[in-house]
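Reviewing the structure listed below.
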Amino acid sequence: MPSDRPFKQRRSFADRCKEVQQIRDQHPSKIPVIIERYKGEKQLPVLDKTKFLVPDHVNMSELVKIIRRRLQLNPTQAFFLLVNQHSMVSVSTPIADIYEQEKDEDGFLYMVYASQETFGF
C-alpha cells in the first residue's frame, strides 16, 4: 500500500533529481510522471503505485484510460486528472508537450486524480 505522504515528502529533492536523470538516461523516450490521489478525494481508490514512465507519444486521453483501468473504474465514474494540482489539459495534448510546460524543478511531472465531486462541479 502506498504511503499517505506525497512523493515529494518521501524523497529529498536531490534524490528525486538523481532519479529523473537516471530514468531519462536509460529511457530517453519516456516521461517520468508521479500520479497521486487528490488529498481530499474520498470516492476513488488509491493507485497501487505513484511513479509511471509514460511513452512520450502518449496523449492525455490515453493516459486517462490507463489510469482508469488501473483503478478499475466503471465507465460512469467521474475521473479527472490534473497537472500540478490545478491544470486540466486537453485530452489530445501529447504528454511530451505537457512535460515541457509543466515539469517540476526536480524533473518529474506531477499529476493528481479526483472525482468530479471533489472540485464542486
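Quick reminder: no glycine exception, Cβ is built from N, Cα and C everywhere.
Of the candidates S12, S29, Swiss-Prot marks one as phosphoserine, and that one is S12. S12 (phosphoserine) falls within neither a helix nor a strand when secondary structure is assigned with DSSP, and so counts as coil. In terms of DSSP helix, strand and coil, the region 'Important for interaction with ATG13 and for autophagosome formation' (49-53) has 0 helix, 3 strand, 2 coil.
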